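A short write-up of the structure that comes next.
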Amino acid sequence: MDKHLIRGGNPLYGEVKISGAKNSVLPILAACLLTDQNVRLSNIPHLNDVTTTMELLGQMGVKLTVQEDLSIEINAKEVNNFYAPYKLVRTMRASILVLGPLVTKYGQARVSLPGGCAIGHRPVDFHVLGLRKMGADIDVKNGYIDASVKGRLKGAELSFDVVSVTGTENLMMAAVLAEGTTVIKNAAREPEVCDLANFLNSLGAQISGFGTSTIVIDGVDALSGGSYRVLPDRVETGTYLVAAAMTGGKITAKNTSPDLLTVVLEKLEEAGANISFGKDWITLDMRKERPKAVNFTTEPYPGFPTDMQAQFLALNTIASGKGEITETIFENRFMHAQELRRMGANIKLSGNKAYSVGAPHLTGAQVMATDLRASASLVLAGLVARGQTLVDRIYHIDRGYECIEEKLAQLGADIKRIPDASSI
Ligand code: UD1
């Protein structure tokens, strides 16, 4: 397994180009199953999760061609296999996103249950209940969801107890080709849900209300083809900004959108950063200052994103003052805390809260990545630690950060990838 070797102490300076959003591109690729026409997607990040999704769609019969400009041309006219096997779903929970499109377009699907996930229980009951309410016959057994419907799915009123991002997306995609109107209440308002809705509408879907907690979808008979550019990645943007804040540097994130990061930018300002931005760029200047600790509670959008929690906990460990972070989305999302402690961080966990007392510096250590955003927090900690940090199991980071070591190195970090077989 590859590792990252980091020698801490360099402040970050310069420009970093932000990639397309992982959490947009995955549902948008799945949504390509809904049309027989050609679709061209651009601003696609080169990530392991994208490769896995392409492999999943490819084995269903979808034709995917990567163009010279790295956009992808997709045609799903000859889909002949409606099966998402465990070996692919296991590595990427978002594979569940093919369920809604397959049932609504082809009347059948067999999708593996995602199984245990490091950051919590993460069930898919909303996905299943919603499709049942729309008329699908669903059997969940032997680790698989078997779904079928005779004729078309029927529009229905759907409501979630808890806000679910992929649940909203799956049912929205199913509703696009259903007969009649579907109303999704307590829907996720995340920008990636809006990106998916905008993409589907560009192909002729009739979706309104996205970005609010009630989404209304009027089913149509078929979708057309088209071209679409995926939204910038707000979590990747936030991660580089936190990295600059922790190291006392000054960076500009380009090809991004400040509108997607309002609460994150507010927290960075509270931590002492000077922030300026334009339509598609954000500059953070820490003026060589040590950050101040911040307090927050993770919430569904537009609240503070759970996907930025780990990075801010890393910031709090070297900030001045005490920090208190409450995680409300996932029940087991503090696994980075014990790894950060190995680097000298003073963190106490109690239930869904992480209390920290910032130290002037961390010390390098050998640590292990446990999930995608946790791995990012360990890399950030390594950037400010004294000495050498070795982050193991960085396959997690490759799921969601395009060329992270190249991008950080360009900003002045001392980081390199140690390939699997090498010894150091
Ligand atoms: C998505 C994001 C992930 C982000 C998360 C929360 C993608 C590919 N992933 O994950 O990066 O951290 O949103 O913003 O977009 N729940 C249920 N039953 C369900 C579905 C969810 O109880 O059927 C619960 C989950 O256990 C969790 C909460 O709802 O406590 C939110 O989960 P959800 O929004 O569904 O997360 P994902 O869509 O998997």
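Using the three backbone atoms N, Cα and C, a Cβ is placed for every residue, glycine included.
Bear in mind that the values here come from a model prediction, so they are computed numbers and not experimental data.
Together with R93, D307, TrEMBL lists one candidate of I275, I282, I329, I347 for binding UDP-N-acetyl-alpha-D-glucosamine, that being I329. Ligand 1 lies under 6 Å from the Cβ of N23, I329, out of the binding-site residues K22, N23, I329. The CA atom of D307 (UDP-N-acetyl-alpha-D-glucosamine binding site) is located 11 Å away from the CA atom of N23 (phosphoenolpyruvate binding site).
The local packing around N23 (phosphoenolpyruvate binding site), expressed as other Cβ atoms within 10 Å of its Cβ over all shown chains, amounts to 25. Counting in whole angstrom, K22 (phosphoenolpyruvate binding site) lies 19 from I329 (UDP-N-acetyl-alpha-D-glucosamine binding site) by their C-alpha atoms. Distance noted between the C-alpha atoms of R93 (UDP-N-acetyl-alpha-D-glucosamine binding site) and N23 (phosphoenolpyruvate binding site) is 12 Å. On a Cα basis, N23 (phosphoenolpyruvate binding site) lies 16 Å away from I329 (UDP-N-acetyl-alpha-D-glucosamine binding site).
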